[in-house]
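Novice: Residues or ranges marked as Mn(2+) binding site in TrEMBL: F:H122, F:D147, F:H149, F:D151, F:D240, F:D242.
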There are 6 protein chains.
Amino acid sequence: MTRYGPMFGPDITFLGVPRCDLSSLADADVVILGAPFDGGTSHRPGTRFGPQAIRQACYLPHDGSRPSLALRVDALQDLRVLDAGDVEMFSGDAARSVAALEDAVHRVAAAGAIPIVLGGDHTIAWPDATGVARELGFGRVSMVHFDAHADTGDTEFGSLIGHGQPMRRLIESGAVRGDRFLQIGLRGYWPGPQTLSWMAEQRMRSYEMTEIVARGLDECLTEAFAIAVDECDGVFLSVDVDVVDPGMAPGTGTPEPGGLTSRQLLDAVRRCCYELPIVGVDVVEVSPPYDHAEITAYLANRVVLEALSALARRRRGDEWNPRQPLLDAR
Amino acid sequence: MTRYGPMFGPDITFLGVPRCDLSSLADADVVILGAPFDGGTSHRPGTRFGPQAIRQACYLPHDGSRPSLALRVDALQDLRVLDAGDVEMFSGDAARSVAALEDAVHRVAAAGAIPIVLGGDHTIAWPDATGVARELGFGRVSMVHFDAHADTGDTEFGSLIGHGQPMRRLIESGAVRGDRFLQIGLRGYWPGPQTLSWMAEQRMRSYEMTEIVARGLDECLTEAFAIAVDECDGVFLSVDVDVVDPGMAPGTGTPEPGGLTSRQLLDAVRRCCYELPIVGVDVVEVSPPYDHAEITAYLANRVVLEALSALARRRRGDEWNPRQPLLDAR
Amino acid sequence: MTRYGPMFGPDITFLGVPRCDLSSLADADVVILGAPFDGGTSHRPGTRFGPQAIRQACYLPHDGSRPSLALRVDALQDLRVLDAGDVEMFSGDAARSVAALEDAVHRVAAAGAIPIVLGGDHTIAWPDATGVARELGFGRVSMVHFDAHADTGDTEFGSLIGHGQPMRRLIESGAVRGDRFLQIGLRGYWPGPQTLSWMAEQRMRSYEMTEIVARGLDECLTEAFAIAVDECDGVFLSVDVDVVDPGMAPGTGTPEPGGLTSRQLLDAVRRCCYELPIVGVDVVEVSPPYDHAEITAYLANRVVLEALSALARRRRGDEWNPRQPLLDAR
Amino acid sequence: MTRYGPMFGPDITFLGVPRCDLSSLADADVVILGAPFDGGTSHRPGTRFGPQAIRQACYLPHDGSRPSLALRVDALQDLRVLDAGDVEMFSGDAARSVAALEDAVHRVAAAGAIPIVLGGDHTIAWPDATGVARELGFGRVSMVHFDAHADTGDTEFGSLIGHGQPMRRLIESGAVRGDRFLQIGLRGYWPGPQTLSWMAEQRMRSYEMTEIVARGLDECLTEAFAIAVDECDGVFLSVDVDVVDPGMAPGTGTPEPGGLTSRQLLDAVRRCCYELPIVGVDVVEVSPPYDHAEITAYLANRVVLEALSALARRRRGDEWNPRQPLLDAR
Amino acid sequence: MTRYGPMFGPDITFLGVPRCDLSSLADADVVILGAPFDGGTSHRPGTRFGPQAIRQACYLPHDGSRPSLALRVDALQDLRVLDAGDVEMFSGDAARSVAALEDAVHRVAAAGAIPIVLGGDHTIAWPDATGVARELGFGRVSMVHFDAHADTGDTEFGSLIGHGQPMRRLIESGAVRGDRFLQIGLRGYWPGPQTLSWMAEQRMRSYEMTEIVARGLDECLTEAFAIAVDECDGVFLSVDVDVVDPGMAPGTGTPEPGGLTSRQLLDAVRRCCYELPIVGVDVVEVSPPYDHAEITAYLANRVVLEALSALARRRRGDEWNPRQPLLDAR
Amino acid sequence: MTRYGPMFGPDITFLGVPRCDLSSLADADVVILGAPFDGGTSHRPGTRFGPQAIRQACYLPHDGSRPSLALRVDALQDLRVLDAGDVEMFSGDAARSVAALEDAVHRVAAAGAIPIVLGGDHTIAWPDATGVARELGFGRVSMVHFDAHADTGDTEFGSLIGHGQPMRRLIESGAVRGDRFLQIGLRGYWPGPQTLSWMAEQRMRSYEMTEIVARGLDECLTEAFAIAVDECDGVFLSVDVDVVDPGMAPGTGTPEPGGLTSRQLLDAVRRCCYELPIVGVDVVEVSPPYDHAEITAYLANRVVLEALSALARRRRGDEWNPRQPLLDAR
């Protein structure tokens, strides 16, 4: 199997990291996959251009190096991060697309690398986490899920596949245990009572924004992390950019006012990847046609870098102190 | 009298709630009125398209149902919410327009329903609160007013009517007592000392952002609520979307940096409608031509839904605990 | 069968014409169908919001009346024009979507009415023209096709269905004869020689912009019309808004510089519907996320009105003189 | 009377020409007036920012000099062009606003200068042409009117004043004779038969785009000019920027596809001001909130400069040959 | 020397304050200078239009008066604030441009006034602080620097001059002592370890966002202020608008997600100018082409006003209580 | 010398053609160079992102193949077209930048290939044409120059280098003879009489839009071509995208209304490269920050492709008939 090409536009890699081919991943730590798919979106499309936008939203040279001021690692250098290009995902055929993606993710996991999938709409969380679970074992991977929406719908537009349903599919298939499903940032007016009841039955743990405001995000995360690592071997991190307030991240398809700030999301992603045994990540729902001045693409790019930097710092193993002055740090 | 039609564009209702005619409101709990007027704006116009934008800014089906995750009510179902359409308000004739609106609001109040008026510029707060006070009694309605601006100017461009003057008109006429006027979120460089002196003489209570940051919004609201319900029979809630920082709500006419976050506004509106005896609401100053990706329209739509949901939860009567996990709630 | 609802946003009709249900079309002259589908797009999506945008892009009242200055008919009144709403077309399942649309179009044709389908990406031309041909007979309907692109590709992204392939499918199935296929406005760098050879073998007649500039659009149209009515019973008119120069119609997915002006397209559509026995129309590839100030949506709305007005004038039967002064006309 | 200040933003003049006061215009050739009014708009507002935008839309220094390549005059130097600032026009009070503008225009005309009024919506054509006619005599001024719309409505939103009615008011009052009213560029679906009948009764001459395309714009203009100077002492030129296709001039309130090109409008305005005895000009309906990259504001700025340059060339008196090479010209 | 003219567009002053000429500044308290330069930008340009945008981003009359609600001073009246216009800075010649600016700033400082320089890209901090230090003494001015970036690079694109290098130039020249350099808001992935080592060697004190979140902004500022006034005679305040989150301030060239809120920046600037002996200010990196609805320009305008108001309040000398209700204040 | 890298963003080539290094161009027919420079712009910057935007503005696969429908060649295959990347051009140092570019262009010309330079602002025409003339001989290369502006200014902002002055520099140095300088599309209000006199003295031939409209573009081109090939060995083609009307090409720095249509420009470029002995091309003044939906970038991309296709067709040598039907062609 040769390298995936770009589905749209020129063939670039995430900030200039080396290209790779899924057939030779022996020494990869992290493999980036593009999932240029918006066929599962229930409203505004455009996320097919998410991978392209996330890969290049940066004012710095695209040189495969990004030393983190906060964490004092250069994840793109300290880890072996490769970019396999875009899985071919025809938005008009969701079923074929998710199968192709699941297979690609599984190959990455099977090679012992962490897949980071750039969406695409949230439909892809189903093949993303399934692909990892096929390697680590169904029920052995917990999920930390940042989102304004629960994405636990049954069907939409008559389809089982779509960006409102991936979490249900994952639980139904057994890939992820319902009681190891942690949702952060929910709000708004969906889903309705019937679906909430189903979620409660699965013993999911969903932190709506009201609880987060009342208790503080950090306390909620600490609680969630304890559940996530209980009787699971790894954690999949799924970040829907709409967890951030639409005022700060307008380039998305189903904006729900009242979300986290960008700062909160970056800090939370850092904690996830520094404190938890992450085995896969996806960053989804960036829709460039609705973005302004690339601010949402930049945010998603930084979410990926924050995740990578925290993974690298975790591997380094020494203690990290957030209160330490920048120029005292090493 | 037949139903108001749409002033601009197709004839739609707020998220698909039933249409109504002001002559038959017998069993309505809430009546939505559009006030498509921007003739009173001192700077950027465009709020004439506010009602249209607020009614439809949602990615969910327009089916007259919106179950709130936070409050566990479906306000559009639990309350009888009707939409009467747009009052005809020719922006070139402010005097005639405010008279027509006042009459319409009064008819809603007289029918025992709560009017929710979708602006339009803030000029409309004068007829909105007057229309309610005509039913409940002049001086018997207090005002909770979220805004970057005091809106207590005397005249502008030689006119007594305009979006910088409604609050003065309300106090001068006696419709609302000056000492039951609570303003939240003021900031910036207007009005000047003379007007501030007039406001102090009326014994208004205005929370500038500096005080809100220093003391906390929740403490300020609690203090304000105590004043609002002292010797008044009801509270009118007037929400100018520019109380939120322009970075999060750019689609407005007179943006003043340094405002609340969207999250803060939603939580504050929820508290108002859950803790206070609300008798009328307006949501104003959404200017779609200056919006991006509808984010300001979405915010205003959610302000309306938050108000409705809290009204519904208040009517249900049981206690609400913001710290309760989503899936434990009922 | 009940009326189709809206797939996105509120339930509106084209400029306020009456709603209809496909099961009772007895006296309809024209039935408007929305095809909110962008799953077949090879590049920028967004046409799923085309039907919604085309229906409402007008500054005049949405009152079901549009008296044409040029043609002196009021097509929405002189003809019985109904709007059936949006066919459910899940963009993630192209196969199911085109089947549903073909069936809907066929029902309209079977009722003796002219379907006008609002796209949606150009994938829909396949079900649109097939639905008509099922009623009038395969090979009995010719095609006049305005487009920058030939849309005669074989497969794209591994799929036979997509917005680059509908014309091939129509010819392969026999629904439309290749030698009764008239294409106006082609240009650019697609398709390649192999596909062009296939097209030549089918005896298609394609007017590239070079020929149109050299000979004049009117001469080309006259020539094409003669072919279109030769041994055919009706003509399907398919208008891809990208036939117009992207400078004048930016809101589209695959913009190709060097196209017609808006004025040329409107005049050409008028000639088609006034001079030819039209049996179906579609207007496709309007992508609102890429539009500015609704100018592309307005253009598409006027293409529909121009088609309707010319149909109405043709039915009236009296001669029409384009040089007659406006105020002399009747 | 002191100079008008700016109604919005900083106090600037048209491309840096000198300021003036209406009480001392003795030697002015042309006086520019801003009419920052959008209270008469039936749809999108924003033209209140037209004067400000038109005055400054230029990449060249704002130095009161603009040598025309085409006409080889520097109108801002060869003529005495002054800018009186913005008449105060509160958009919420159309009646008071038009009275103030009429008075200002009359003062300019009474001083023997040509007023050039920067709109604002087209409501202002009523006070503009009336102000001139008060000086030259009712019925002694003909009108050449570029527009997509006839603007001859009777009432709108219950008002006699508005941007759809100014031409009717002018004819009804006798300020301009109906049979000396020349309209260029009409198209679309307004007004209806009743109003067209009224127009025909007034013996107006309206060139719809169909006639313009069929006969050629130059032939139509030549014919119109002959009518305009028959038994009239001067011509008022009213240019609605929406006569140009919305694809080339998107920043306007009621866009109607199928219009002139920018090039055609500039050439036509040049002919008007070079061939006709112009006594007043207005340029209206530029709405900056709907503009992109200032292109509509630039166009309006160039319409004003083209008018001024042709006025200057006409005064110079020597023959002008459009076929002469640029560098042969003097 | 005459007054600087505008480099682009019409000749306006900051909110209408009086113009001035650098040769006669005898009684000025503050002099505003425009630095319309973007030749030093490493990525998105556009800041050449910053001065123009910052001067006019306000919905209030441009009348040289801005009474602060928070601080109860009218800085534009209480201080003598003049605007000298734009220093000519050809973006294609950085060396000549910075020399011209340094000279202009020095003349202001020499006249005993505080220069407030409106950028322009951050290149200008080098001449800005140097111009002040030439008057007060090299090493006698400390720096408080709000920014997402350290701006301590050595060279970029082969040049010592640029917006990533000004702080290094200032320390290398001795104009500002490295150990009196306070940086607030740094984050992201630049500069790398080598530059950080150089910074540490200079004994700079840089507050990365992680430390700010962990300790609180107010605590960090208090600590920084103590350093700033230690053995220094004055403080230069340099505000890069990109210290604010791109979601709230998109109109900038090198956006880095995860920044301060607008509210935080305004409060911090207030503290700086109220608590510290400010001798110069610049506000940089506002890039209007990337802004939306002028929100970033508004923010920068308010940063300038906040600085001026706090300067005025500091001069008044009486105590200021942020918890005092607005209408109790004097 | 190694290959130039990208100055901004990822390292891509024009539509996927092979990369090259200036030191090994032996068999190249055409070499593409990026000139990411906007330091010479007198107004709006942004053209530094022109090369990046022009290279990728295409909805087709970036596969190094573009079969032209009009000309029936695949220039990217039929010619050996290589992309050398971006010359490093620091916008803050125009002098150094133009020297670097001139050297790069000269190396391409010296290798016998045709350089196609992607601007960048029009400053680059000076080094572009000089670089070619250094190889072919000063005075042996004529210039065909499409532009709204003559670009023959003497100095601007005190600099001899800038986008308003390149043509003067070329004539002064003798690189291009003044009487072999053909300008197409000039219009507007710059330059003034003094510069026009200088141009006349050089015996330049400039076609202002008035002459083009009066005589027809084709006649003007035929006349110009005859001059261009008189006593010259080659022709340099310089295309400023602002020759097209800003309505159709808004993404540029100094828009001048009243220009060519996109269609006219494409046809004219085709004629140039098919009929003339082209030795170099530049396409300049595309400013992505001011573009909408990439339409200006698409136009520039198509100008490059049109030039390449006509070059390829010219080399093929057989006759080309613009009236031939598409499917008859070979």
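Just so you know, glycine gets a Cβ as well, placed from its N, Cα and C.
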Novice: Among all the protein chains here, how many other CB atoms are within 10 A of the CB of F:H149 (Mn(2+) binding site)?
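Specialist: Around the Cβ of F:H149 (Mn(2+) binding site), 27 other Cβ atoms lie within 10 Å.
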Novice: Same-chain residues six or more away whose CB lies under 8 A from the CB of F:D151 (Mn(2+) binding site)?
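Specialist: Listed in sequence order: F:H122, F:A125, F:H145, F:H163, F:G164, F:Q165, F:P166, F:M167, F:R168, F:D240.
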Novice: Could you find out if DSSP has F:H122 (Mn(2+) binding site) as helix, strand or coil?
Specialist: helix
Novice: Identify all same-chain residues not among F:H122, F:D147, F:H149, F:D151, F:D240, F:D242 whose C-beta atom falls within 8 angstroms of the centroid of the Mn(2+) site's C-beta atoms; report them in sequence order.
Specialist: F:H145, F:A148, F:A150, F:H163, F:V243, F:T254, F:V284, F:E285
Novice: With DSSP assignments reduced to helix, strand and coil, which class does F:D151 (Mn(2+) binding site) get?
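Specialist: Once the DSSP labels are grouped into three classes, F:D151 (Mn(2+) binding site) ends up as coil.
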Novice: Provide the three-state secondary structure of F:D242 (Mn(2+) binding site) computed with DSSP.
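Specialist: Assignment for F:D242 (Mn(2+) binding site) reads helix.
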Novice: Same chain only, sequence gap of 6 or more: which residues have a CB within under 8 Å of the CB of F:D147 (Mn(2+) binding site)?
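Specialist: In sequence order, F:H122, F:Q183, F:I184, F:G185, F:L186, F:S238, F:D240, F:D242, F:V243 meet the Cβ cut-off.
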Novice: Measure the Cβ-based neighbour count of F:D242 (Mn(2+) binding site), defined as the other Cβ atoms within 10 Å of its Cβ.
Specialist: 27
Novice: Please work out which residue of F:H122, F:D240 has the most C-beta neighbours within 10 angstroms of its C-beta, and give that one of the binding-site residues.
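Specialist: Counting Cβ neighbours within 10 Å, the top one is F:H122.
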